Amino acid sequence: MFSIQKRRRSWSTVAAVASIVTLVSVVHLFLYPVVPSLDYFRQFQNSCISINRSSEGEQIILKNGKSTEGLQKNATGILSTEGSERNLDTNPMPMIDLNDKFPVDLYNAVVYRGAPWKAEVGQWLAGCESNTSAVKVVEQIGGKSCRNDCSGQGICNRELGQCRCFHGFTGEECAERQELSCNYPGSKEQPFGHWVVSICPAYCDTTRAMCFCGEGTKYPNRPVAEACGFTINPPSEPGGAPVTDFTKADLDVFTTNGSKRGWCNVHPAEAYASKVLFKEECDCKYDGLWGRFCEVSVLSTCINQCSSHGLCRGGFCQCDSGWFGADCSVPSVLSSIREWPLWLRPVQVNVPENVNNGGNLVNLDAIVGKKRPLIYVYDLPPDFNSLLLKGRHFKLQCVNRIYDLRNATVWTDQLYGAQMALYESMLASLHRTLNGEEADFFFVPVLDSCIITRADDAPHLSMQEHIHGGLRSSLTLEFYKKAYDHIITQYPYWNRSSGKDHIWFFSWDEGACYAPKEIWNSTMLVHWGNTNSKHNHSTTAYWGDNWDPISSDRRGNHPCFDPDKDLVLPAWKRPDEGSLNAKHWSRPREKRKTFFYFNGNLGPAYENARPEATYSMGIRQKVAEEFGSTPNKEGKLGKQHAEDVVVTPLRAGNYHEELASSVFCGVMPGDGWSGRMEDSILQGCIPVVIQDGIYLPYENFLNYESFAVRIHEDEIPDLLNILRSFNETEIEFKLANVKKIWQRFLYRDSVVLEAERQKAVRGSVEDWGLKFSQLEEDDVFATFIQVLHYKLHNDPWRRQLLLQKKEYGLPKECLI
């Protein structure tokens, strides 16, 4: 084993101590859920303990290298077996010529792990990524305490010694109670204030700004969400929708008269049996509740479901003693070593020689073998993540899953769920580190997907403040600016590269267009890769997301996307067991009878469509005008409509089957990015991209010419001629490459993590878990890590920065 010594000592001394003392300390640390007292540390200073926990058993290695049992294969696969050790500093790989060994193909691509990468990327990954070995990393296990133990109203971050307060509490000790009102100040004309999602005529829980029936009713904890408690007026015109009057409360929701439309006193069984009336506008919208009348309490959605080390309080993890972090995945010195997560194993723990009894527990150094790149994930205050989850007024907002009355997983169709999926994978990844000095990248977890959907949730979040002028884009910019202010004042890592090694995720429809100027040096993860080379202004048809009005003093003058530093990630797509069983991605050419397919909103020329001419920047409208297969409002088809072409706003009964039956599928913007690229790839269809200057997922790293087609917007009238010019060999080649890379557009790691959590909680795994666990190719997260590894050694700025000497576990020719 390896260790970091505080002073030199002889092996004979170690052996003597190991035979008597170290075994005692090991057994104590390994079997008890807390670290020994400071007096215990003083008695046995500088003890060294190594833990290697495998799925087959546990192993304790003492300082002298003797183990309590034979070495078994460990959970991370980093160290060698049969009691021997791998010298992690040894680098036996010979020098190689990447250009010579990994030549490019006819499309200037190099294949690595099944994917056609751009030549220089594929060559480096094939020759370097594949030859990476583990390095020694010292992980510091925090021992700082928090004032008054956060008053029982928060979790102590033991790295910083700061409280992370529950919803409704604030202050250094979480002792100050917040009043988060449901309503704006009222007036004679608007007694409940002007409209906001949280508007409440009943009882307001001011810790969350959420509305409930309240005391005096039979079901006081039943939600009275938005329109539920207000008068509903009939439509103003025939065929129109009913109109909610938010100035008049509907007192019938409190009635006990079964012949009136009640809610707060309606017995579920009687309502299900149609024995009483109830108000249909009422719904069980809040997380943690299930059933038409919220009669069943179920699991809420938390980040990584608190990693089995805490209780999910409606989106906020209340961690067990000894654990902290947004998902309770970070152990402190109060935790049991045998419960440490896989990304901290195999581990050797060094007890420091000098123990300072200054009111804090002592920090511990844990030495772990890891492969780069290493990612440090900031534990931000919960305002940027957990509280946004806990206070949401609709359970499906900004998450990729919820739980039903059996506490079984229900996957959502929220495209924004990608942000949650990536965040959870990163927190559980073997590439995660607690050592900021060793980290290669720093991830700043601001859940802007929740800000998108929650901007009008409650007065304390509202974008109606004067500074934002009703713009969700401005409100979101402010969240990122506050996160930046926090990390530069609380952590030392930003200034060493001016933030170039930091990563931010913008899941908004127009990506990072409104990123504050202070963070633009960083890597932006987005779904919208607009370089602004053609569309150099806000392209959204929704005014609230428009970023043009944001002043350059706040935003700067940067584009939405810089392909030299940023990355477009796939959107979240609900795990579809049916498509998986049908193997849509591998359907052969002869079964794809539709030549070109697009199904989606086609703009104002069609019934029940988006009315704005600016929707999709007019691109979908132009395609429909030429090739539309469904009559528009004037009863006209597209000018070049063909029998084997489908361009329709009428969604098919089996959308995935239609895609899987097509050769080429249209990929065009919606109101910003859309999920059409993912739809196409996951069903094995060749994507036809029509959006000038706007990158798709991985497009600055993967070789798109190998599996996709790009059509310029001014070439739309020639679309079919261009596609029909491809011969069958070229089509088969592209279809084969789509088949190879489809899993890179799937958040499989997130799905498998959930399957593992469900197995731990429920003792079984549902069919979707088994199916996705059997997939073996690289998914979104694996691709993301590969891109980071390439960037670590090829970003030009790193060559100009005098980095501290680190071990990278790479051949010499792969290093900067």
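Glycine is no exception: its Cβ is also placed from the backbone N, Cα and C atoms.
Curation does not apply to TrEMBL; its annotations are automatic.
Taken straight from TrEMBL:
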TRANSMEM  12-35  transmembrane segment
DOMAIN    142-175  domain 'EGF-like'
DISULFID  C146-C156  disulfide bond
DISULFID  C165-C174  disulfide bond
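Sequence features, as recorded in TrEMBL, placed on the structure.
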residue: C146; record: disulfide bond; Cβ neighbours (10 Å): 22
residue: C156; record: disulfide bond; Cβ neighbours (10 Å): 24
residue: C165; record: disulfide bond; Cβ neighbours (10 Å): 25
residue: C174; record: disulfide bond; Cβ neighbours (10 Å): 24
Please give the average pLDDT for the domain 'EGF-like' (142-175) in this predicted model.
94
Distance from C174 (disulfide bond) back to C146 (disulfide bond), taken between C-alpha atoms, in Å:
10
Quick one: pull the CA-CA distance for C174 (disulfide bond) versus C156 (disulfide bond), whole Å only.
10
Residue counts (helix, strand, coil, in that order) that DSSP gives for the domain 'EGF-like' (142-175):
6 helix, 10 strand, 18 coil
What Cα-Cα separation, expressed in whole Å, is found between C165 (disulfide bond) and C156 (disulfide bond)?
9
